[in-house]
Amino acid sequence: MAAVEAEKKVEVEEEQEKKEKAGELLFCGGTCWDAIGRRKGSIEGNLVSPTRLRPLLGVNIRFVATGCASCHCVALDMEGRCYTWGRNEKGQLGHGDTLQRDRPTVVSELLKYKVTKAASGRSHTVVVTADGNSLSFGWNKHGQLGSGSVRNEIESSPVRCLVSDVKNTACGADFTVWLSSVEGASILTAGLPQYGQLGHGTDNEYNTKDSSVRLAYEAQPRPKAIASLAGETIVKVACGANHTVAVDSNGFVYTWGFGGYGRLGHREQKDEWSPRRVDVFQRHNVLPPDAVVSAGSVNSACTAAGGQLYMWGKIKTTGDDWMYPKPLMDLSGWNIRCMDSGSMHHFVGADSSCISWGHAQYGELGFGPTGQKSSATPKKVDILEGMHVISVACGSGLSMVIVDRTNAADRLDQLDVYDGKGSGEGSEEPESKPVAKQTTKKGAAKASNNSKKRKKSKDSSDSEDEESDDDDSENGEEQPNGQAEKKSQGGKGSNRGQGKGAAKPVRGRGRPPSANKSSQPPPQAKTGKRGRPRKS
């Protein structure tokens with residue numbers, strides 16, 4: 001009985017939310033979509049303060065979505081229209097093409113539906129309609145669109161997901177979760193099973209050929225209910241890049257998927273292929289019906305009894321990881337209404353404040369041009385102080401906030417308005433400079449070598465979204481990188497005799513710069529150090 005009542009409570013609250021809450025969308029973070037998470041160094045066009053977007057001025061936005069691995073955004077208005085913008089290399093914006101959009105654009109093929117919920121992965125988007133159906137678009141290599149087929153790797157227009165009576169959805173980097181009101185099948189998953197993030201007790205690993213040691217992971221394109229949760233009613237879900245956090249109607253928390261950094265909260269780092277209950281949230285500390293749940297790339301969070309926020313996983317770029325849920329005392333006493341986590345940053349709407357913290361590169365914390373770039377501890381976003389935040393969403397290098405216009409219209413009018421860039425933007429020259437620098441540095445070449453080895457290993461998802469984005473960008477520049485690699489390897493082997501030995505009398509590493517340069521021949525030199533012909 002208690003379970004039924006709790007579920008009713010949640011439904012009543014959701015109904016109330018539907019009735020009243022909509023507002024102005026504010027955006028902060030990177031707008032150079034093709035460069036976020038890929039290009040090193042500073043990037044043009046970052047919006048470091050919460051900024052209004054010209055196409056959405058005065059539009060009543062009720063829901064925003066992006067994902068910790070996403071470089072694209074989704075916004076839904078009160079009429080059920082769906083707007084998308086950002087990176088679109090795999091058709092994840094749903095406009096029938098792969099052209100980047102700098103301005104929020106209505107997905108015309110969804111106009112015949114009233115879209116109520118949405119979620120986005122690294123390169124795919126899933127929406128839920130008022131009549132309980134779900135549609136998806138974007139990259140489908142691993143079956144993450146849930147359409148039952150992986151025949152088309154890219155679906156740039158919406159396709160139907162094979163699920164019904166859908167209440168909500170969430171996306172990891174390359175997988176999707178649906179919550180449904182079907183009894184015994186309240187949670188379904190599809191997509192990449194590599195770390196067990198689908199929760200079906202397997203990672204579907206196989207050898208690509210009988211004679212090959214190369215491993216692959218069988219895509220799962222048909223949404224499948226998680227059997228071990230058949231007896232529970234899952235009411236909330238959040239996805240990190242490769243892990244899932246779910247809450248049932250009794251307030252118990254389950255996590256599964258990639259276990260690195262303790263992001264599953266089980267006091268160990270092993271991957272979980274099936275849902276496992278988190279022991280901290282039991283007895284007097286089960287989650288209340290209005291709890292907030294969030295998952296970043298490498299961490300997880302939720303509010304428990306008394307509204308206290310707990311976090312676990314990799315919380316900061318330095319220091320120890322939290323292997324099990326611990327209360328974040330900085331936010332004790334705040335009434336947290338909404339929260340989301342990006343690749344390494346967090347946004348919270350609480351009382352009449354907006355609070356953000358974490359590691360940021362593109363202004364996604366919204367502290368403004370004079371404020372700090374990153375913050376290890378939660379800090380108020382001053383420009384939004386006193387405003388009622390309805391909803392927040394964090395992506396890879398970007399954040400979105402919906403603010404209630406009531407009592408805040410004048411202050412909103414004072415905020416900057418962003419028009420979006422023209423199409424022919426971004427020269428490639430700045431990108432090539434850092435690459436050239438790296439080839440001359442032995443250490444950097446070694447690091448890139450190591451990172452390649454790391455990518456091959458199964459633990460490749462340490463910082464999943466960044467690495468994969470780097471992968472994408474490396475595809476375009478494979479040749480120069482490959483050459484740089486060869487040079488540096490040659491350099492490493494032959495330096496060992498002279499460099500280290502010769503360096504001893506000259507007190508450690510303190511060599512004059514000219515000597516360093518001479519030990520690495522310029523790229524044009526046709527001969528190697530030992531007279532070997534060098535590949536041009």
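Keep in mind that glycine also has a Cβ here, set from the backbone N, Cα and C atoms.
Nobody curates TrEMBL annotations by hand; they come from automatic prediction.
Annotation comment: TrEMBL describes 490-500 as compositional bias 'Gly residues'.
Mean pLDDT for the domain 'RCC1-like' (21-314) in this predicted model: 97. Taken from TrEMBL, the feature domain 'RCC1-like' covers 21-314.
Per TrEMBL, the feature region 'Disordered' maps to 417-536.
What TrEMBL lists as repeat 'RCC1' is 80-131 (among others).
What TrEMBL lists as repeat 'RCC1' is 132-182 (among others).
Positions annotated as repeat 'RCC1' by TrEMBL: 185-250 (among others). Each residue of the repeat 'RCC1' (185-250) gets a DSSP state, and the totals for helix, strand and coil are 3 helix, 29 strand, 34 coil.
Under the heading repeat 'RCC1', TrEMBL lists 251-306 (among others).
Residues in the repeat 'RCC1' (352-405) partition by DSSP class (helix H, G, I; strand E, B; coil) as 3 helix, 24 strand, 27 coil. Among the features that TrEMBL reports, repeat 'RCC1' is placed at 352-405 (among others).
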